[in-house]
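Colleague: Take a look at this one; I'll ask things after.
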Amino acid sequence: MKPSDARHIPVLGPEAVGLLAPRAGGIYVDGTFGAGGYTRLILETAGSRVIAIDRDPSAIAGGADLVTEAGGRLTLVQDRFSNLADVCAAQGAATVDGVVMDIGVSSMQLDQAERGFSFRFDGPLDMRMGRDGPSAADVVARASETDLANIIYIFGEERYSRHVARAIVAARSETPITTTKALADIVAKVVRAKPGEIHPATRTFQGLRIFVNEELDELHQALDAAERVLKPSGRLAVVSFHSLEDRIVKTFLAERSKTGGGSRHLPEVAQAAPSFTLLSKRPIVAGDAEVAANPRARSAKLRGAERTESPAHAAGDLPGWPTLASVMRAGR
């Protein structure tokens, strides 16, 4: 492949692709294509094929040149990565050799004011990765005060969530909250940040974004799907950027790699054989040089595992947190 003039360097890219260990003739899934950084590294490492998925139509359109460069080895599909098993089947790949995922919002999305992901720019309060379904403005306009507080607390880990929700409800009774600046200003009045701390609206924006895009449910389902499509010795590499995501990945891999070891004083309970073997006990984190070049890498954690020959475990139940459908239905 020809090198591109403008290359996107993904966080922990070489490390993630190193865990995948791509081989010639292998089929790999990039569940979160974004700007194509992981996909490009896989294509350059070996004569392999990549099926890349992204729910954002802008990402798919932006990958057209890379599709041409790849000469038939890259297929781009606009879809949610929770559907990766169906996507692979539609591409004639019942099983694959590796899956990589980079969880959360991309730098590209954060830098586009019109997407409404960041309070750094004033733009429409949107936050949708796929451009469909309710926007953040819709949630802010229609969710009850209790639901708003729960969303901001659970998904944003904001301890002042009730104060923020109360302020949002009071403000929207006066005028619709439709821009990122309007929401950030409302939050800043009730969440006081000390010098050197993150912007007071950071956690509220995170909570709304995760909720609007159903990111944690998507992650749960994507991990289950990856387990089903990976062939024996196939590898999974997941990069996460905050504790909510990493906790889900860590728990999933711990459960799937568990090898029994129950108490000898208790009755033996049937337990599914491990479907994964961990590639490292601790997450891989970015080095000082990468963090200096890309501050977003500071919070990144990479976890990897190799598929065993054992059958996939039954998909777990989703946690009982607020759902987009239920909140919007109640807010009518």
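Yeah, the Cβs are placed from backbone N, Cα and C, and that goes for glycine too.
What Swiss-Prot records for this protein is below:
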- G36, G37, Y38, D54, F81, D102, Q109: S-adenosyl-L-methionine binding site (BINDING)
- 295-322: region 'Disordered' (REGION)
Colleague: Check the DSSP secondary structure of D102 (S-adenosyl-L-methionine binding site), expressed as helix, strand or coil.
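Modeller: Going by the DSSP assignment, D102 (S-adenosyl-L-methionine binding site) falls within a strand, counted as strand.
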Colleague: Among the binding-site residues G36, G37, which residue has the fewest other Cβ atoms within 10 Å of its own Cβ?
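Modeller: Ranked by other Cβ atoms within 10 Å, the binding-site residues G36, G37 bottom out at G37.
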Colleague: Within the same chain, where does the region 'Disordered' (295-322) have neighbours whose Cβ lies under 8 angstroms from its own Cβ atoms, ignoring anything closer than 6 residues to its ends? I mean 6 or more beyond.
Modeller: 11-12, 15-16, 19-20, 107, 147, 150-151, 154-155, 211, 216-217, 220-221, 224, 227-228, 230-242, 246, 249-250, 252-253, 255-257, 272-280, 283-286
Colleague: How would DSSP class G36 (S-adenosyl-L-methionine binding site) in three states?
Modeller: coil
Colleague: Where does D54 (S-adenosyl-L-methionine binding site) sit in DSSP terms: helix, strand, or coil?
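Modeller: DSSP assigns D54 (S-adenosyl-L-methionine binding site) to strand.
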Colleague: For a quick check of understanding: among the binding-site residues Y38, F81, which residue's Cβ has the most other Cβ atoms within 10 Å?
Modeller: Y38
Colleague: What residues, ordered by sequence, lie under 8 A Cβ-to-Cβ from D102 (S-adenosyl-L-methionine binding site) and sit at least six positions away in the same chain?
Modeller: P10, V11, A16, T32, G34, Y38, V239
Colleague: Residue counts in helix (H, G, I), strand (E, B) and coil for the region 'Disordered' (295-322), per DSSP?
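Modeller: The counts are 5 helix, 7 strand, 16 coil.
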